[in-house]
Amino acid sequence: MRVHVADHPLVTHKLTVLRDETTPSPTFRALAEELVTLLAYEATRNVRVSPVTVTTPVAEAHGLAIGDPRPLVVPILRAGLGMLGGMVKLVPTAEVGFLGMVRNEQTLQPDIYAERLPDDLANRQCFVLDPMLATGGSLIAAIDFLFDRGAVDVTAICLIAAPEGLEAVKKATEGREVTIVLGALDERLNERGYIVPGLGDAGDRLYGTV
Ligand code: URA
């Protein structure tokens with residue numbers, strides 16, 4: 001598993017405002033999208049491309065086009081939805097699928113309660129959006145689901161991760177082509193499963209408590 005933690009003052013500045021508990025939802029939403037766009041730049045470094053030739057007013061120019069099959073972007077509901085706009089702004093030709101996860105209170109494992117993805121992901125590159133990599137449970141379940149459908153590589157974009165969750169994802173995805181791109185790697189998880197210092201509940205801060 002490859003891990004890339006963004007090391008850029010723009011990312012840290014925006015994350016700092018995002019963490020601030022006085023930042024209201026509209027600002028939080030705008031910043032989350034801007035952050036994803038910055039992280040997506042790094043996350044798409046190995047996106048599949050094909051050579052193309054265009055004609056400029058002066059001569060032929062050899063370039064690249066984002067490939068066939070198109071990358072698949074998968075926000076994890078609900079908080080991952082807050083990252084979708086920023087991602088498709090940067091990769092407008094991507095296809096978008098959805099995965100909804102909820103914690104099963106008996107098994108404490110994430111269950112998939114909603115899924116809207118192509119049946120066959122053979123040869124597809126997938127980009128999972130999940131703002132908070134806490135215990136890693138839902139990200140591991142999402143990555144397993146995508147590989148079981150045939151995906152060849154999965155990149156997760158997360159705003160903040162806890163070291164415990166990152167380690168869990170690393171163990172669970174050994175031998176698979178997985179990349180994690182982060183805005184920040186925080187200190188730890190607390191006893192309630194929140195990232196410290198983190199930013200609280202990302203879904204609540206994006207959408208208000210429901
Ligand atoms: N999910 C969140 O939204 N925040 C955390 O700190 C952990 C999980």
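Numbering starts at 1 and runs along the chain as displayed.
Backbone N, Cα and C define each Cβ position, glycine as well.
The 5-phospho-alpha-D-ribose 1-diphosphate binding site feature in TrEMBL is assigned to Arg78, Arg103, Asp130, Pro131, Met132, Leu133, Ala134, Thr135, Gly136, Gly137, Ser138, Asp201. Counting every protein chain shown, the number of other Cβ atoms lying within 10 Å of the Cβ of Asp130 (5-phospho-alpha-D-ribose 1-diphosphate binding site) is 25.
According to TrEMBL, the uracil binding site annotation covers Ile195, Gly200, Asp201, Ala202. For the recorded site, Ala202 (uracil binding site), the DSSP three-state label reads helix.
Feature annotation from TrEMBL assigns domain 'Phosphoribosyltransferase' to 5-209.
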| Average pLDDT across the domain 'Phosphoribosyltransferase' (5-209), rounded to a whole number | 95
| Listed binding-site residues among Arg78, Met132, Ala134, Gly136, Ser138 whose Cα sits within 10 Å of Ala202 (uracil binding site) | Arg78, Met132
| task | Give me the Cα-Cα distance between Gly200 (uracil binding site) and Ser138 (5-phospho-alpha-D-ribose 1-diphosphate binding site), rounded to a whole Å. | result | 17
| query | Which ones are near Ile195 (uracil binding site): of the binding-site residues Asp130, Met132, Ala134, which have a Cα within 10 Å? | reply | Met132, Ala134
| message | Is it possible to get the count of other C-beta atoms within 10 angstroms of the C-beta of Gly136 (5-phospho-alpha-D-ribose 1-diphosphate binding site)? | response | 25
